Amino acid sequence: MGANHDDHHHAADPHGRALRLGIGGPVGSGKTALTAALCRTLGQSLRLGVVTNDIYTTEDADFLRKAGVLDPERIAAVQTGCCPHTAIRDDIAANLDAVETLEERFGPLDLVIVESGGDNLTATFSRGLADRQIFVLDVSGGDKVPRKGGPGVTTADLLVINKTDLAPMVGADLTVMSRDAAAVRDGRPVLFTSVREEPGAHAVATWVSGLVESWVRDHGHEPDHVPA
Amino acid sequence: MHAALLLLADSRLPAGGHGHSGGVEEAVRIGAIHDLPSLAAFLRGRLATTGLVTAALAAAACAYGSSASRTGWIRLNAEADARTSSPAQRDAGRTQGRLLLRTARRIWPSPALDVLAESLPQGAHHPVALGAVASAAGCVPGEAALAAAYTAVTGPATAAVRLLGLDPVAVHGLLAGLAPDLERIAATAPTDWEALPAHAAPALDLLAERHIRAELRLFVS
Ligand SMILES: Nc1nc2c(ncn2[C@@H]2O[C@H](COP(=O)(O)OP(=O)(O)O)[C@@H](O)[C@H]2O)c(=O)[nH]1
Ligand SMILES: [Mg+2]
């Protein structure tokens, strides 16, 4: 959410730390699918780490591991004690610890993705944890959801509306969703995806690469070695 | 009483406490805790064993506080290790201690906390960290002991509310009933390392070991 340049994190790398990207949104909207897509598309060009907060233990981590998109060691699971919301906003200690542990073990990294456990429309990431955040909705929740707003929908740096392949089945009007989202988001971007039909989620990946590029520019991270 | 004690004991202190159930998640799974009376029995047992030991460790760490050296912290932490027979509990205790220190060093910066963090990079046990932090925050050993005993029962009680949907007011009633015990434990907690108690709780050890192997876990411990 907006700029957060007063960096009080301990950097694992003297050249600067990785960009921390939060991915939030309701249960089942496609956060894990999107995380996997980003790993698939960006894994060749960026040094990645992933922290998952799924309320069901290591389920998300297992999914990512099985998808074979990232070295399993680079995926850390955090248990949130039935409070997924608390772990990304009010008490971010366990998530910060997980992020920094990944950076210490595998750093320097370019991007660490933190996937929140599924929550409601009011869940957002603390700026102390995520430098930027994506909020993921899906069309099957109905085309009224963007209109309802809530801090996730209105203030996330990027709103992703996923499962467009299901729109005809559930009678969701994408034009309505697009118009309503634009109305509450004050110019911030919205992207429509179907991770099912396009497992690379390229539009989102391009947006994320742009973030990482400007992060490196502003924070002096050396983009020296890139995994083959 | 020092006001910083309230901050330290508050469950809203952003130090990762909400992720720990202190054995309650596993006890609920196997049916050992299923209602208010069974929770009350669990909390009394926890307070009389782990609670007593952690209170004494916290008091000792608080008393040691500002005069701290690397070797001293490592020795005191070894006392905590020796009193924690379950490896899963040792891990959970060190993780909680590490997170508490990470948070507290930003709130109450002090050379003693830096030395503690550097001596034990994997994390000091939670009561050791709590005592050190209490000292940095200006509290006295009895207050550190009170905070340790208090969190030894309030964290698990909250976990039971979340997992079983128990009436939160009734559960707080239980906690209020434990207040005299908390005060007695805090008042009698020794700060002398030779006098540290070593009450064991094999049931808690077993719960922790089962919990870490469970398929589904909502809590870290
Ligand atoms: N039809 C369809 N299903 C999807 C899409 N993206 C994800 N899913 C499915 O939706 C379910 C929930 O996705 P998941 O990524 O686990 O959601 P999360 O709870 O937000 O992490 C899974 O069964 C996914 O396979 C999509 O674009 N279209
Ligand atoms: Mg998920």
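Keep in mind that glycine also has a Cβ here, set from the backbone N, Cα and C atoms.
Here is what TrEMBL records for this protein:
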DOMAIN    A:21-191  domain 'CobW/HypB/UreG nucleotide-binding'
BINDING   A:Gly25, A:Pro26, A:Val27, A:Gly28, A:Ser29, A:Gly30, A:Lys31, A:Thr32  GTP binding site
Exercise for review: Determine the most Cβ-crowded residue among the binding-site residues A:Gly25, A:Pro26, A:Gly28, A:Gly30, using a 10 Å radius around each Cβ and all protein chains in the structure.
Suggested key: A:Gly25
**Study point:** binding-site residues close to ligand 2 - of A:Gly25, A:Gly28, A:Ser29, A:Lys31, only those whose C-beta is under 6 Å away
**Key:** A:Lys31
Review point. Can you list which of these binding-site residues (A:Pro26, A:Gly28, A:Thr32) have a Cβ closer than 6 Å to ligand 1?
Key: A:Gly28, A:Thr32
**Study point:** Around the Cβ of A:Lys31 (GTP binding site), the count of other Cβ atoms that are within 10 Å
**Key:** 29
Check your understanding: Which residues does A:Ser29 (GTP binding site) neighbour through Cβ under 8 Å, counting only same-chain ones at least six apart?
Key -> A:Gly118, A:Val136, A:Leu137, A:Asp138, A:Gly141, A:Asn162, A:Lys163
Check your understanding: Looking at the binding-site residues A:Val27, A:Thr32, which sits with the largest number of other Cβ atoms within 10 Å of its Cβ?
Key -> A:Thr32
